[in-house]
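Notes to accompany the following structure.
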């Protein structure tokens, strides 16, 4: 009978878990301080890549050089540190890094290439003028996000969330950034591919060979891999391996071509209105508002991922809306300081939570301190920011995959034998990949998006929204989940709503207070409903 019982257990489905098991340190726990500091530095290192990529795209188009790029990177890091502390202390309370967002690149480029700057001869003056217009648009857009969050509109929307609607959102939050993975890695395959192999080998294989040192390699695989491959890239550069290569190859592979170390000041404190008084343009502001809407949706996917990898319970709608409200505060700071781009919850850092199995809030707050420290000490930060981007792209191949897999993990809450479930998941993921591909390909070939009217702001709004895989996938999934066979008796269970029902209100489950309550008993003044 015992043997027979054992065999029957082999065919039992895995139990559904509203908290992810196997996490070494959950949201409210903290590793030892030396380990926490190293993990915080690792999170800082991971978020640097997106910061450098976005600044390298927008600053030259605005008319800035290496000096301006170094200043913008330091400003982004400084504001990111503040925003991350605010989000972890008073916002969602999740271990999320708030950094630069790709969603704002399109409206920022549109502003930078506007004809209104054609009269400027001095590129530095042109940079400042365009930056001030971006600042004004970010400030206006921040009020949209503040209202959506703090006035509870996102709480109302999120009450209709189900695991079924969240699956495509989280999957596409990770998969939607595939262009930042191997295509960027392949720009310098001789350092990008070794970095990818090193991360996978050190994090997935070595822990099984050295079980006594398992935690070290799982948690610090990023640091080991970057150090090894960066040193290898330095050797190749010093040996003259790229001396006669194409300029683009040299820029991607060499460790001395970023121009940041020589341009960065030793000490510089970013301050509000450092580029001048913000200027406001209605058309620009509407396009940036559309980008902030995309950032809200993408951040929601990152929040859900972070809550899973921190082994926390699903977020109550009030907490999610509170987190969105503090994203609005972050957007306001972006506009005041002049980062050139808006902010969102960092996808790669959410993936790092899964890789390290450490979802500690304290670790993320330590990483925010590193952001503030290196943003002020510009030379030291510039050294790390000069890591070749193909190395960072190799990290993204692993980290974005972890985010996508968090979305796949939500399938456990749904009825996978339901044809309604199969259609909604499959169709929304496919459309989330296909529609942005069409919009981006059209833009690349024609120089403008498929929506090409006389209103530039309207064109930008359409391009921003429909070039975001997570946004398209979520809109399709949310609409279908709320309308397809609505009212049928089996829909509630098929979509997994009954699993998240007890987390709809903050006080229904006692674990919500453990993970999401505000510090210093501030819930008395800012209650969650």
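Backbone N, Cα and C define each Cβ position, glycine as well.
Sequence annotations record features per position, and here TrEMBL assigns transmembrane segment to 41-60, 72-90, 96-113, 134-154, 160-179, 222-242, 285-304, 368-387, 393-411, 423-440, 460-480.
Most Cβ pairs within less than 8 Å of the transmembrane segment (285-304), among stretches 160-179, 368-387, 393-411, 460-480, belong to 460-480. The transmembrane segment (368-387) and the transmembrane segment (423-440) are not in contact, since fewer than 3 Cβ pairs between them lie under 8 Å (pairs 6 or more apart in sequence). The listed stretches are 222-242, 423-440, 460-480; of these, 222-242 has the most Cβ pairs under 8 Å to the transmembrane segment (393-411). Within its own chain, the transmembrane segment (423-440) has Cβ neighbours under 8 Å at 164-165, 167-168, 171-172, 175-176, 411, 414, 449-450, 463, 466-470, 472-474, 476-477, 480-481, 484, counting only residues six or more beyond its boundaries.
Contact between the transmembrane segment (41-60) and the transmembrane segment (160-179) is not supported, since fewer than 3 Cβ pairs fall under 8 Å when only residues 6 or more apart in sequence are counted. Here the transmembrane segment (160-179) sits apart from the transmembrane segment (72-90); fewer than 3 CB pairs are under 8 Å, leaving out pairs fewer than 6 apart in sequence.
Contact between the transmembrane segment (96-113) and the transmembrane segment (222-242) is not supported: fewer than 3 Cβ pairs lie under 8 Å, counting only residues 6 or more apart in sequence.
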